[in-house]
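The structure is given below, and queries will be raised subsequently.
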Amino acid sequence: MFRQEQPLAEGSFAPMGSLQPDAGNASWNGTEAPGGGARATPYSLQVTLTLVCLAGLLMLFTVFGNVLVIIAVFTSRALKAPQNLFLVSLASADILVATLVIPFSLANEVMGYWYFGKAWCEIYLALDVLFCTSSIVHLCAISLDRYWSITQAIEYNLKRTPRRIKAIIVTVWVISAVISFPPLISFEKKRGRSGQPSAEPRCEINDQKWYVISSSIGSFFAPCLIMILVYVRIYQIAKRRTRVPPSRRGPDATAAELPGSAERRPNGLGPERGGVGPVGAEVESLQVQLNGAPGEPAPAGPPDADALDLEESSSSEHAERPPGSRRSERGPRAKGKARASQVKPGDSLPRRGPGATGLGAPTAGPAEERSGGGAKASRWRGRQNREKRFTFVLAVVIGVFVVCWFPFFFTYTLTAIGCPVPPTLFKFFFWFGYCNSSLNPVIYTIFNHDFRRAFKKILCRGDRKRIV
């Protein structure tokens, strides 16, 4: 978003330009090089070609990965959950960074001056801050959505409609715009010590101390702090609910941990529709929900415990299944509903055995419960393993976010308070921040089976017609 140059007059710096021989102007101007000769490029031909190739690969990888995310969400039924609209909006922001920002940053870097005129300079600066800030705020919104879906369980999942998600996305873009547009409103033209315009056209953003500090807080430090606190809280909840083995939990204790988990809802979100019974299964589904990346839905009803998710009823209800499996499910599903209809309003719900993992699973009798000790122990060990994997996912999500953006925003803030930062180091941190746009598709999809399956169908020509 911002680039540093050699020290400028009045403590300003050039946010987008490359190292320049003149260091006295903090505004855009269109004067020619002294003597009317050709401008000297800041890099040799070999270095320039290397930079162009690296930046070109970054742009291609960013566009390709994020386009795959968008296509997968809109073509795969298993990914049509409302919360996946966050991923679509995030991918769109990253694509815009790669197409409308990085190319001009690259040209400005290798040419050593701004070639594209004053009007586009101001638009470019605003778009740069807007798209990069939007990408970061999207990650923060995804973490909050995940936290609410866990702490409020069924209640929030019922409210998580496409309209609500779209409203949150609009809010994300509005916040990003509020952070991005002040530079245009308070854009000042400064001159060097001599009062003369510089020899090269330059494109620089507002370098006032108040804006540097406020934009750094709004664009990075505040969202980063929110993400870290939210994910720490999510991990604490998961750790507390998996510390005690299911054999030591009572039905009442388990039901009390998640609001609304002990009673059947009039909308059908009970055990028949992917909800879980009051014997510890809901806690296990919570843990598996945490095991995925933010915003990812779980596949519907497979036997694998990793696929259990409290959000099944709203996210993966239409997950892909072989044609024969749909017909074979009608019998057990109908039987399960018939048994549920026989439960009177005052009766307690039947307890589920340890093997009940999917939709319409049969209830367990006393004999099954007595022989289920080994299965419970196995599931307990599975939950411990999932907790470790969940820790790894959190480390990836938070670690990559901080590693990509913290160095830039930290050094950017240092320049506002007068601390000198080596220009080469600042440039490296600036481009390293752009890498986050290309890594988002990897971070938020590599741990999700539905995305991997959708990507395979998109990339394999023979299977394209079978995408559902």
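Keep in mind that glycine also has a Cβ here, set from the backbone N, Cα and C atoms.
The structure displayed is predicted, hence computed values, not measured ones.
Heads up, here are the entries from Swiss-Prot:
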- 315-332: compositional bias 'Basic and acidic residues' (COMPBIAS)
- CYS121-CYS203: disulfide bond (DISULFID)
- ASN25: N-linked glycosylation site (CARBOHYD)
- ASN29: N-linked glycosylation site (CARBOHYD)
- 49-74: transmembrane segment (TRANSMEM)
- 86-111: transmembrane segment (TRANSMEM)
- 122-144: transmembrane segment (TRANSMEM)
- 165-188: transmembrane segment (TRANSMEM)
- 208-232: transmembrane segment (TRANSMEM)
- 393-417: transmembrane segment (TRANSMEM)
- 428-448: transmembrane segment (TRANSMEM)
Would you count the other C-beta atoms found within 10 angstroms of the C-beta of CYS203 (disulfide bond) for me?
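Excluding its own Cβ, the number within 10 Å is 25.
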So what's near the transmembrane segment (122-144) in sequence-distant terms, Cβ-Cβ under 8 Å and 6+ beyond its ends?
1, 15-16, 28, 83, 86-87, 89-90, 93-94, 96-97, 100-101, 104-105, 116, 168-169, 171-173, 175-177, 179-181, 183-184, 187, 203-205, 215, 218-220, 223-224, 226-227, 230-231, 294-295, 397, 401, 405, 433-434, 436-437, 440, 444
Look up CYS203 (disulfide bond) in the DSSP assignment and report helix, strand or coil.
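Coil, per DSSP.
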Can you count the other CB atoms that lie within 10 A of the CB of CYS121 (disulfide bond)?
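Result for CYS121 (disulfide bond): 23 other Cβ atoms within 10 Å.
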Counting only pairs 6 or more apart in sequence, are there at least 3 Cβ pairs under 8 Å between the transmembrane segment (49-74) and the transmembrane segment (428-448)?
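In contact, yes.
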Find the member of 208-232, 393-417, 428-448 that has more C-beta pairs under 8 Å to the transmembrane segment (86-111) than any other listed stretch.
428-448
